[in-house]
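**Student:** Pasting the feature list from TrEMBL:
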TRANSMEM  44-61  transmembrane segment
TRANSMEM  81-103  transmembrane segment
TRANSMEM  124-144  transmembrane segment
TRANSMEM  164-185  transmembrane segment
TRANSMEM  192-214  transmembrane segment
TRANSMEM  220-240  transmembrane segment
TRANSMEM  307-324  transmembrane segment
TRANSMEM  336-362  transmembrane segment
TRANSMEM  382-403  transmembrane segment
TRANSMEM  415-443  transmembrane segment
TRANSMEM  463-484  transmembrane segment
TRANSMEM  530-551  transmembrane segment
Amino acid sequence: MKTPRETAGFSLLHEMRLLCILQGYMVKKLLSLFHREWNGLHEAAFLLGIFAILSQVLALVRDRLLAHNFGASQTLDIYYAAFRIPDFVFAGIASFMSALVLIPMLSKRAEESDERAQKFLNDIFTVFFTILIIVCAGVFMIAPELTQMLFPGFEGVAQTELVTMTRLLLLSTVLFGLSNLLGSVTQMLHRFFAFALAPLLYNLGIILGAVFFYPAFGAVGLAWGVVLGAFFHFFVHFFVSSRNGFVLTASWSPSFLDVWEVVRVSLPRTIGLSANQLALFALIVLAAGMEHGSVTVFNFAFNLQSVPLAVIGVSYATAAFPALSKHFAGDDMTKFLAQILSAARHIVFWSLPVLVLFIVLRAQVVRTILGSGSFDWTATKLTAACLAIFTVSIVAQSIILLFMRGFYATGNNGIPLVVNVLSSVVTVVGGYGLMTFYASSVFFQDFIASLLRVEGLRGAEVLMLPLAYSIGMLLNAVLLIYLFRRRFGRFLSPVKDTLMHGSFAALIAGLVAYEFLEVLGLYLNLNTFWGIFMQGFWAGIAGLLTWWLILELMGNEEIKEVRTALHRKFWKAGIVLPDKEGI
C-alpha cells in the first residue's frame, strides 16, 4: 500500500505529464497554423481581419501609452517626425521587394521548380538589399543636415534627439525590407496566419519599448522599441519561409534580367508609393511649423482612422490579390471581375457604418483611447476633429487598396502611378492652400470651428491637413474606379445597390447613435473613463443594431450573406464563410 507521500508524488508526476502533453499539443496546434493554407477570399479576409483587429488593439494600447506619458508634446512630435526619412527610404528602395510585385513572378518560377524560385529570391535579395544598406548608410551620415533642412522648427536638444531617433529607425527600414521580401513567400504559400501575425508582433515591440526601454534610455528608447517590433515582424516571415525551404543567401552571379524585370514592374509602383510618402512627409513638415503637438495630433488621428482601414480595406484587398493575379494570368476574366466585385461590395458594406459612427462617436473614441495623463482637453478635441475629417475618406481609402491591386494583377502599373502622383500633388498643394486660406479667412475659421466643435482652441489650423489628405484620397478613388471601368466595362453596377442601401442605413444609424449619446449623457458621469466608454459603447451598439435592422427590412444581399455565414459558423452547417475559391 502506497504512503500518502508516494500517492501525492505520483499525482504530481501525473499532473506534470498531463501539463507537458497539453503544452506540446498547444505548440503543435500553433505551429500547424503557421503551415496551414487559407483558401477562399472571405476565409482569408476573415483571418486577416481578426488579426488586424488584434493588431490595431495593440496599436491603440501603444498610442494610449504614448498619449498618457507625453500628451501632445514636442517629444512625441520628434518621435513621429523621426519616421519620415526612414519611411521615405523604405518607399523608395525596399518597396521594390514588395509582395504585390514579387508574388506573380515568384509564383511563375515556383511552377517551374523550387530551385528556380529560390534563385530568383536570392538574386533580388542580393541586389536590392545591397542598395538598401548603401542608401541607409548614406542617410545615416547626413542625417543632421537632412533633419535640419526638413524640420527647422526643432532646435537644440530637440534636433539632436531627432537625429538620433532617425538613425535608429533606419535599422527598422532594413528589417522591414527583408520582411517585405520574405512576406512574398509567406503569401505565395498562402500562409496568411503568419502574414497576419507579423504586424501584431510589430506593435507589441513598440509597446515593450514604451514600457521598458523609455524608462532606461529616455525618448530614444521609443525608437529601440520600433526596431524590436521590426525584428519580430521579420522573424515571423523568416521562420515560415525557412521552414518551407526558402532561405535568403547571397547570390554571387545574380540574373540581371530578373532584376530588371522587377525594376521595370516595380518602378511605377515605387514612384507612386514614394509620392504618397512625400505627401505625408509634406503634411508632417507643415504640422511641425504649427503649434507644439500638431504633429502628434495629426498622427494620432491618422492612426485611429487606420484601424477600420486595416480591418476592412487591407484585409479584403490583401486576400483578393493572389486570386486576382491567378485569374488574370489564366485569362479567366469572369472570375477576375467577380473577385473584384465581391471584394468591392463587402468593402463598401462594412466601411459605410464605420464612417458614420466614427464621425458621430469621434469624441468618445478619442477620449476613451487617448484621453488620460498628459493628453489634455485641447489635444483631445483637435484629435477628434482630425479623426472626423480623415474618416470622411475611409471608404475611398479602402477602395483604392483594392483597385490598385486590381491594376497590379493585370500588370498595369502605369495607371496607379499617374493617379497616385496626381492625388499626392493635390494633397500637398491643397494642404498649403487650405492653410493659407484658413489663416486669411475669419469666416472659414468660424465655420470649421462650429462644424467640428473646436471653438476657441489654439492650433486648429492643423485640421486643414487631414482635410487636404481626404480630398486627395477621394480624387484617387474616383480616378481609379473610372479608369478601371473604362478598361473592363460596367461590371460594378451591383455595388450601387450596396452603396445606396448602406448609405441610407448608416445615416439612420448615425442619427440613432447621436440621440443615444444625448440621452446617456444625462445619466452617466462623463468625467470618468467608464462614463465616456459606456456612453460611446451603448450609442455605438444602438447604431449598429439600427443599421442591421434597416438592411434586413430592405432585403439587402450583403446582410443575407453575413447572416448565412454566421449561421453556418455557429450551427456548423458548412464552411466559415461563403464564396469559397482557391487563392
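For all residues, glycine too, the Cβ spot is worked out from N, Cα and C.
TrEMBL labels come from automatic prediction, so no person has curated them.
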**Student:** Under 8 Å for C-beta pairs, could you tell me which stretch among 164-185, 336-362, 382-403, 463-484, 530-551 has the largest tally with the transmembrane segment (415-443)?
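**Tutor:** Ranking 164-185, 336-362, 382-403, 463-484, 530-551 by Cβ pairs under 8 Å to the transmembrane segment (415-443) puts 463-484 first.
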**Student:** Residues of the same chain, at least six outside the transmembrane segment (220-240), with any C-beta under 8 angstroms of its C-beta?
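**Tutor:** The answer is 34-35, 66, 79, 82, 161, 164-165, 168-169, 171-172, 175-176, 178-179, 182-183, 185-186, 189, 191, 194-195, 197-199, 201-210, 212-214.
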**Student:** Six or more residues out from either end of the transmembrane segment (382-403), which same-chain residues have a Cβ under 8 Å from its Cβ atoms?
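**Tutor:** Tertiary neighbours of the transmembrane segment (382-403) are 72, 297-298, 300-302, 304-305, 308-309, 312-314, 316-317, 320, 340, 343-344, 347-348, 351-352, 354-355, 358-359, 362-363, 365-367, 370, 452-454, 457, 459-460, 462-463, 465-467, 469-471, 473-474, 476-478, 480-481, 484.
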**Student:** Are there residues at least six beyond either end of the transmembrane segment (336-362) with Cβ under 8 Å to its Cβ atoms? List them, or say none.
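**Tutor:** Answer is 41-42, 45, 305, 308, 312-313, 316-317, 319-320, 323-324, 327-328, 384-385, 387-388, 391-392, 394-395, 398-399, 402-403, 406, 409, 484, 488, 491-492, 494-495, 498-499, 502-503, 505-507, 509-510, 513-514, 517, 536, 539-540, 543-544, 547, 558, 579, 581.
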**Student:** Six or more residues beyond either end and a Cβ under 8 Å away: which residues meet both conditions relative to the transmembrane segment (530-551)?
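**Tutor:** Counting only partners 6 or more residues beyond its ends, the transmembrane segment (530-551) has Cβ contacts under 8 Å with 353, 356-357, 360-361, 364-365, 367-368, 371, 501-502, 504-506, 508-510, 512-514, 516-517, 520-521, 524, 558-559.
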